[in-house]
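Undergrad: Sharing a structure here in structure tokens format.
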Amino acid sequence: MTAVYQPIARLLPLSARAVGTIVLRRSRELADCSDTELGDLARSVRWQLRERPGSSSLRIETFAVVASAIRRVFGFEPYGVQIRGGWQMSSGRLVEMQTGEGKTITALLPAAFHGSFGRGCHVATANDYLAERDADEMGPVFRMLGLSVGCVREDMSDDDRRTAYHCDVTYGTGKEMGFDFLRDCLKRGPQSGDAIAPIGVNELPVQREHYFALVDEADSVLLDEARTPLVIAGPPDDNRTEETLRHWADSTCRNLEPQRDFVIEAKKRSVELTDAGCRRVTLTARSASARLFPVEQLFSAVETALVARHVFVRDRDYIVNEQGEVEIIDLSTGRRRVGSRWQEGLHQAVEAKEKLVISADSTTSARVTIQSYFRRYRHLAGMTGTAMSAKLEFQKTYRLRTCSIPTHRPSRRVARPTRVFIDAAAKCRAIADETQTMIESGRPVLIGTPSVEASELVAAALSEAGIVFSLLHARRDDVEAEIVAAAGQASRVTVATNMAGRGTDIRLEDSVKSAGGLHVIATERHASGRVDRQLVGRAGRQGDPGTFRFVLSLDDELLHRLGSARIAQLKRMARPDAHGELRADRWEKLFLRTQARIERRDRKQRAMLLKSETKSLAACERMGIDPNLEWCDL
């Protein structure tokens with residue numbers, strides 16, 4: 001039976017500011033205790049908490065002990081706003097904290113509190129690098145308090161995973177935890193009472209109960225990734241016929257003409273054959289290789305091949321790695337989704353387009369959506385820099401109440417006026433000119449792009465202008481930490497996909513602060529405004545000075561959703577100046593309206609997915625079978 005999420009005890013009838021003051025005062029009283037005495041106090045409070053889990057006074061004592069341990073390990077005490085954020089999360093809330101406000105330390109407080117109950121606390125991060133980093137850096141604090149800490153990674157054995165999950169606090173990505181859940185489902189089998197898995201393995205599950213989860217970058221994990229299910233593939237089908245079909249479809253679609261033979265639905269990212277296109281495919285199907293398949297399957301394969309050729313773009317939607325494999329790019333982060341595959345033949349169609357070896361189209365053995373997985377937790381909390389704009393969806397989907405935590409110091413981030421250009425070439429020239437101006441003043445520049453393809457266009461313009469820069473995108477995410485660590489140096493230029501706005505830290509040199517801080521150039525509006533706010537939030541962290549600007553063009557990916565005919569019409573209407581620049585006060589609204597429409601569509605899709613999955617869950621539970629396994633296809 002799926003657990004129903006329920007928030008734990010509500011807050012004390014105290015103001016949030018008072019909670020921070022009380023905890024810090026009590027923490028300072030513990031300064032004279034030895035490390036051994038502090039550990040003994042932590043154990044005593046932990047046992048009392050298990051007897052009185054709803055005690056607010058014990059929660060305050062726990063927070064004070066954790067704050068004291070933080071001071072001993074790191075040499076500083078948490079800010080009052082960090083304690084307030086941790087307090088809200090320990091009560092089962094989603095908090096909005098601005099970039100650079102110390103969310104890692106903030107998360108440590110509720111993680112230690114819930115880890116004290118001995119039932120497991122899962123901290124879900126945006127990627128493996130952050131999970132390992134946080135587990136390593138926060139480990140000494142947990143161990144000083146007598147709590148064990150573990151980390152789950154993709155390359156771990158089942159025994160190591162089981163050990164990590166049985167720690168008091170476990171770090172890992174939400175996807176990795178979801179896949180571990182699916183593997184446990186396969187071990188149990190389709191019926192709740194089955195002891196032997198259909199794959200012939202009889203093992204203990206690696207996870208224990210889903211008690212408490214704290215989700216970092218919650219909007220990315222709980223919303224942006226919610227439409228993509230986690231899938232464990234089953235035995236592949238016969239690859240010889242699959243390979244024949246995909247090569248034939250790719251060859252056929254090259255001879256079809258847009259509008260006459262097929263229509264591209266830009267908003268839906270789909271393609272539909274016209275009557276003329278169907279006739280042309282039928283005539284082509286007289287070849288020996290095509291006669292093996294029903295005509296309906298041929299139509300479907302050709303439409304999939306057309307999607308691969310005309311909708312999915314290399315270095316934007318995917319890359320081809322050194323091993324000759326297609327790797328999907330997560331458009332919300334710019335990172336590779338290692339191990340993920342498109343379904344229903346699309347992955348094979350992209351391989352055929354790129355003239356790669358066609359992989360076997362596997363079946364599905366188990367699947368779960370991010371929504372369904374995190375709704376299993378008895379208690380759920382999270383944090384992100386952009387939560388308030390989606391607070392109604394968080395409340396409706398996850399029963400998460402959202403609150404905003406003020407910054408420790410007043411923000412000094414300044415928005416510069418948006419600039420809009422007729423095409424990508426004019427935009428890139430303007431970006432290079434603005435970057436050169438910042439370099440001459442001794443300020444570092446972070447140029448944010450939505451894709452590998454866009455990064456390389458900007459990189460070409462910078463190279464032409466003689467500007468030295470570092471490039472960070474999905475092809476180079478293995479050196480992310482090294483590149484981002486240097487991005488705050490004087491006159492440093494970094495071109496990065498959206499990954500730089502998630503969970504990475506840019507520290508400024510003193511000379512940079514006096515020069516005006518980091519300048520962020522956002523080269524496109526993303527499909528989600530939350531991703532834009534994350535990117536510009538890299539400037540002006542923790543009260544540092546900083547500026548940002550959006551530099552857009554009518555060639556931007558966001559406007560492709562309008563269709564090529566509409567974009568051509570807009571360009572005819574435009575009246576650019578000699579440098580290709582348009583009046584931003586007129587044109588910026590077009591980008592914002594398009595972005596708002598896409599956000600509404602995505603919210604609707606997530607709501608429909610949740611509604612459908614809820615019905616499926618109810619039907620499976622009535623029949624006593626596991627809804628996450630492939631034989632429950634209702």
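Glycine is no exception: its Cβ is also placed from the backbone N, Cα and C atoms.
Pulled these features from TrEMBL for this protein:
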type: BINDING; residues: Gln82, Gly100, Glu101, Gly102, Lys103, Thr104, Asp505; note: ATP binding site
type: DOMAIN; residues: 1-583; note: domain 'SecA family profile'
type: DOMAIN; residues: 84-245; note: domain 'Helicase ATP-binding'
type: DOMAIN; residues: 433-583; note: domain 'Helicase C-terminal'
Undergrad: Which residues of the same chain, at least 6 positions away in sequence, have a Cβ lying under 8 Å from the Cβ of Lys103 (ATP binding site)?
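TA: Sequence-distant Cβ neighbours: Gly85, Met97, Asp216, Met383.
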Undergrad: Taking only same-chain residues 6+ apart in sequence, whose CB is under 8 Å from that of Gly102 (ATP binding site), what do you get?
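TA: Counting only residues 6 or more apart in sequence, the Cβ neighbours of Gly102 (ATP binding site) under 8 Å are Pro78, Tyr79, Gln82, His408, Gln542.
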Undergrad: Please report the number of other Cβ atoms within 10 Å of the Cβ of Thr104 (ATP binding site).
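TA: The answer is 18.
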Undergrad: Per DSSP, to which secondary structure element type does Gly100 (ATP binding site) belong, with helix, strand and coil as the options?
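TA: Assignment for Gly100 (ATP binding site) reads coil.
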Undergrad: Ten-angstrom check, please: count other Cβ atoms within 10 Å of the Cβ of Gly100 (ATP binding site), all chains counted.
TA: 23
Undergrad: Along the domain 'Helicase C-terminal' (433-583), what average pLDDT does this model show?
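TA: Value for the domain 'Helicase C-terminal' (433-583), mean pLDDT as a whole number: 87.
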Undergrad: Can you give me the same-chain residues 6 or more apart in sequence from Glu101 (ATP binding site) with a CB-CB distance under 8 Å?
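TA: Set apart from Glu101 (ATP binding site) by at least 6 residues yet with Cβ under 8 Å, we have Tyr79, Val81, Gln82, Gly85, Ile405, Thr407, His408, Arg541, Gln542.
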